[in-house]
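Written below as structure tokens is the structure these notes are about.
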Amino acid sequence: MRDIDPSLRREIESLERFLKVKPLYFDFDEGVFVWLDTRLIPFREVYRRTSDYRRVARAIVDMEIRGAPAIGVAAAYALALAAAEAASRGGEGFIEALSEARREIESTRPTAYNLFWATARVYGAVSEAFRRSGVDAAVRAGLEEATRIYVEDVRGNVEIGRVGARLLESGDTVLTHCNTGALATAGFGTALGVIRYAWMEGKDIRVITTETRPVLQGARLNVWELRKEGIPFKLVVDSAVGLIMSRGMVSKAIVGADRIVSTGHTANKIGTYMVAMAASRHGVPFYVAAPASTFQPDAGPEAIVIEERSPDEVRGVISEAGYVRITLGDVEAYNPSFDVTPPELITAFITDRGVIEPPFDVNIRRTLED
């Protein structure tokens, strides 16, 4: 799995100047997928490596890899690895094995639309190459399509940052919820990427990040990324958002998204709806930053599936010592991983295609079709 279009390698090299952190990538020399295990951040930086698509799927389930764009890239490479494994069967049973792997990968995280978008692209590329030229061409096509998705994500994230930075001014204090930086993408970030780009432009920006219970993506991952960038920040508990907005401590709020449908309804990390309501109540602009691959323009809010995760995530926290229980082990806990923010609470979407303003039911489709 080393033979790909040289232009793709050159494009990866040209984009690496934007990547202070490489959270995931494909090692073409060894033929393995590599990722930074985000469960261990900020205490340790450990990279995992595999050529087994099942291991990548498990990494998505266990949130070693998380964030919709990152999940999409990982799923793309997982299916490319599955194609390489299926090739050992020869022509007979190749598509059947690929389809089985696709179903397994798509079952990992039901809310993130990027996952389904990415696997559909890789599956289509592999199937077409197999039909035209056979197994070897199909394996190469899968790896190249996954790499295109990787390149598009980095390039798109940088463009989101450039577009969104225009909305920020020196002196702004920006609130963000959950991790939407390099660790949630192929390497630059969406909402946190907007903040990063504005900082790179020399704007005096300050950040307030929520801790983001129950998995603490803000307290663990945002803190790690913001400190690496040298961007000033404060960490607050999720339930402090209303108070700090009521005191005028927030200029703008920017979050990411896991799925955005045609109406503008937005699925994102649990607690986002609460942030949006507080922002609306206190007149704080509320932006959602996401690439085009997160939008599902042919679907309505009924298409959004809310993932429910293990109650143990609520019963305990991840610490430097590992998982630490904070309540009784038999307490009944409910753990929806996402909520849905209605479009009337959203000021605009910041995308790699530009800023999308209301009416969203018209402008989302128009922007994505241009």
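Glycine is treated like the rest: Cβ placed from N, Cα and C.
Over in Swiss-Prot, the protein carries these features:
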ACT_SITE  D258  active site, proton donor
BINDING   R66, G67, A68, R109, Q217, N268, K269  substrate binding site
SITE      C178  site 'Transition state stabilizer'
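Here the features listed in Swiss-Prot are placed on the structure.
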| residue | record | DSSP class |
| --- | --- | --- |
| R66 | substrate binding site | coil |
| R109 | substrate binding site | coil |
| C178 | site 'Transition state stabilizer' | coil |
| Q217 | substrate binding site | helix |
| D258 | active site, proton donor | coil |
| N268 | substrate binding site | strand |
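Considering other CB atoms within 10 Å as the measure, the emptiest surroundings among the binding-site residues R109, K269 are those of R109. Around the Cβ of A68 (substrate binding site), a 10 Å sphere holds 29 further Cβ atoms from the protein chains shown.
For C178 (site 'Transition state stabilizer'), the binding-site residues whose C-alpha atoms fall inside a 10 Å radius of its own C-alpha are G67, Q217, N268, K269, out of R66, G67, A68, Q217, N268, K269.
Here the C-alpha separation of A68 (substrate binding site) and D258 (active site, proton donor) works out to 5 Å. Long-range C-beta contacts of the residue listed as 'active site, proton donor', restricted to its own chain and to partners at least six residues apart, with a cutoff below 8 Å, comprise A68, T111, A112, Y113, N114, A267, N268, K269, T294, F338. For the recorded substrate site, residues R66, G67, A68, R109, Q217, N268, K269 set the reference point as the centre of their Cβ atoms, and the other residues of that chain within 8 Å of it by Cβ are I71, A112, C178, N179, A184, G256, D258, S337, F338. Sequence-distant neighbours of R66 (substrate binding site) (same chain, six or more apart, CB under 8 Å from its CB) are T38, I60, N179, L183, A184, Q217, listed in sequence order.
Residue annotation for substrate gives R66, G67, A68, R109, Q217, N268, K269. The furthest Cα pair among them is separated by 17 Å.
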